[in-house]
Amino acid sequence: RAIGVWIALVAALSVFLHGMEVRAATFDITNQCPYTVWAAASPGGGQQLDQGQTWTIQVAAGTTQARIWARTGCSFDGSGRGTCQTGDCNGMLSCQGYGQVPATLAEYALNQYMNLDFYDISLVDGFNVPLSMTPTSTDPNCKGRIACLSDINSQCPSDLKVTGGCKSACARYNTPEYCCTGASENTCGPTDYSKFFKGQCPQAYSYAKDDATSTFTCPSGTNYKVVFCG
């Protein structure tokens, strides 16, 4: 009888855990820009996207420190090796890590604290292409669409401007004040540069400690759409 009870308990636990299991998230990445971009994802790789094209990736639950971005001004050979003006990742079409600055980032971590996904748009690495990030969930606890669609490149401060993009102050000067490192790690605040970026894109991270107005959540198991220029 004890064995029967134990088997019943194990079976019940198995059903419970199966119900808690969170599936991989699907990310549909679409280019609505009037020019070609080379989408990059870590994890995920990379894909050339002409205007109107979509690339779909699957990302495992529990993935952290993940990001999606657009590369511009790229040229790759038949083996997938080449260079990009912005967002380049070690000269590879299929990215195996993070890209070079400047690049507008869609960042996320899946199935974290309280079974939530955390997602944001970041300008901490600067800006190259407008983008939006939209969860598919209709859960009222899900923030919904976030976007950075301003034409920052045309308004970029002259000392941050580079071909095809606009660097952040941290990327340009690499000082504790702008990067929130060293003695400034726990005390740094907005600067004139970060206020410029925040004014252009209020929902995006403008510097490393800009969490309060820039991090959003959805229930785990949500799928997402990332759209460049839309």
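Numbers here mean position along the shown chain, with the first residue as 1.
Quick reminder: no glycine exception, Cβ is built from N, Cα and C everywhere.
Long-range Cβ contacts of C229 (disulfide bond) within its own chain (separation 6+, distance under 8 Å): N31, Q32, C33, P34, V129, P130, L131, L149. According to Swiss-Prot, the feature disulfide bond maps to C33-C229 (among others), an assignment based on sequence analysis.
In this structure, C74 (disulfide bond) belongs to neither helix nor strand by DSSP; it is coil. Annotation comment: Swiss-Prot describes C74-C84 (among others) as disulfide bond.
Counted within 10 Å of its Cβ, the other Cβ atoms near C95 (disulfide bond) come to 24, all protein chains included. Here Swiss-Prot flags C89-C95 (among others) as disulfide bond.
Swiss-Prot lists C142-C218 (among others) with the feature disulfide bond. DSSP assigns C218 (disulfide bond) to a strand. Note: C218 (disulfide bond) has non-local neighbours L116, D117, Y119, P135, S137, D139, N141, C142, K143, i.e. same-chain residues 6+ apart with C-beta under 8 A of its own C-beta.
Summarising the annotation, Swiss-Prot assigns disulfide bond to C148-C201 (among others). If you take the C-beta of C201 (disulfide bond) and look for same-chain residues 6 or more apart in sequence within under 8 angstroms, you find I121, L123, A147, C148, L149, S150, I152.
Sequence annotations record features per position, and here Swiss-Prot assigns disulfide bond to C156-C166 (among others). For C156 (disulfide bond), the same-chain residues 6+ apart in sequence whose C-beta sits under 8 angstroms from its C-beta are F127, G165, C166.
Other C-beta atoms found within 10 angstroms of the C-beta of C179 (disulfide bond) number 19, with every protein chain shown included. The disulfide bond annotation in Swiss-Prot covers C170-C179 (among others).
There are 18 other Cβ atoms within 10 Å of the Cβ belonging to C180 (disulfide bond). Positions annotated as disulfide bond by Swiss-Prot, on the basis of sequence analysis: C180-C188 (among others).
Annotation source Swiss-Prot lists signal peptide at 1-24.
Each of the disulfide-bonded residues C33, C74, C170 was scored by the number of other CB atoms within 10 Å of its CB, and the largest score is that of C170. Cα spacing between C89 (disulfide bond) and C74 (disulfide bond): 11 Å, rounded to the nearest whole number. In this view, C142 (disulfide bond) is surrounded by 18 other Cβ atoms within 10 Å of its Cβ, with every protein chain counted. Of all the disulfide-bonded residues in the record (C84, C95, C180, C188), the one with the smallest CA separation from C170 (disulfide bond) is C180. C166 (disulfide bond) falls within a strand when secondary structure is assigned with DSSP.
Nearest to C95 (disulfide bond) in space, judged by Cα atoms and limited to the disulfide-bonded residues C84, C179, C180, C188, is C84.
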